[in-house]
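Asks: For reference, the structure I am asking about is given below.
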Amino acid sequence: MGQDQTKQQIEKGLQLYQSNQTEKALQVWMKVLEKSSDLMGRFRVLGCLVTAHSEMGRYKEMLKFAVVQIDTARELEDADFLLESYLNLARSNEKLCEFHKTISYCKTCLGLPGTRAGAQLGGQVSLSMGNAFLGLSVFQKALESFEKALRYAHNNDDAMLECRVCCSLGSFYAQVKDYEKALFFPCKAAELVNDYGKGWSLKYRAMSQYHMAVAYRLLGHLGSAMECCEESMKIALQHGDRPLQALCLLCFADIHRSRGDLELSQLKLHCLSESIYRSKGLQRELRAHVVRFHECVEETELYCGLCGESIGEKNSRLQALPCSHIFHLRWGLLGGWTGVGRVSAGHSRAQLA
């Protein structure tokens, strides 16, 4: 496969990936990797594979392609490519919680001789190092790294990097329990998305909304926390961002725990987990969550007193008698009584999800 054909196939894969046809995009890129002799094309497609596996939560695969990318960069004998590949290696280890390795690879990036990419990627290196220090609870060095990354962003008018740093600063202040700042920085990230993010991936909006949800919950603003978390989960589901889906599930559980509605928390978690596994075609895991969902329905007695079907299984209109028994509206209850129940369609599965 020559240079032109390699470029065409990479672009084809990007189009598939951007239209959420992730598996097809991966197949195209893997074919390029197997058949192309163009080193620069191989380097680029390896970068695509690193990014895709990161967003899918396949961090071991991400690491594997990052290592291959370093070998390709060495063959190209280009310092810019070497810097980019070491950054991907650092990020891979960050995702795998190998924080000491992350810091080591970031230092390797910073120690490389001056490159054209240094000004562009230096901020991302500092951000990855800050995330690693935060993972190790070395808070002073984490803050120093985040501030350095923020300076890079400001000096280079890199609003996308600034957005990512603000989200990390939100996590930082949440851990050190300054909840006002934990909310301020993700709100700043959301402003950047609104002002500059027209051509950005929706993952930046999802990321800022998630961090806002965490801060709102810590501040006790549970309604706002739920709205932000639902927005983040909606985008994560659309784009197959499994790591963010997992974070949102945990946030939903924390919100419901804060409200004290533990049964509803379990229902929501199983509904969301079921939708994730259904979209991935993971039948064994899907069946397990369907079973557990129905067990939760039984435990909470959320089922129709006439037809016996579960309430919350699907979007449906409900009504209740003054005695608080709940029924599906389609039954036209007892002489046409049509009062809207205290447990309304707000408990429908669509609402839960």
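Using N, Cα and C of the backbone, Cβ positions are placed for all residues, glycine too.
What TrEMBL says about a protein is an automatic prediction, not a curated fact.
Feature list, courtesy of TrEMBL:
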type   : residues : note
DOMAIN : 1-80     : domain 'Rapsyn myristoylation/linker region N-terminal'
REPEAT : 123-156  : repeat 'TPR'
Asks: What is the average pLDDT across the domain 'Rapsyn myristoylation/linker region N-terminal' (1-80)?
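Replies: Result for the domain 'Rapsyn myristoylation/linker region N-terminal' (1-80): average pLDDT 87.
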Asks: How does the domain 'Rapsyn myristoylation/linker region N-terminal' (1-80) divide up by DSSP, counting helix, then strand, then coil residues?
Replies: 67 helix, 0 strand, 13 coil
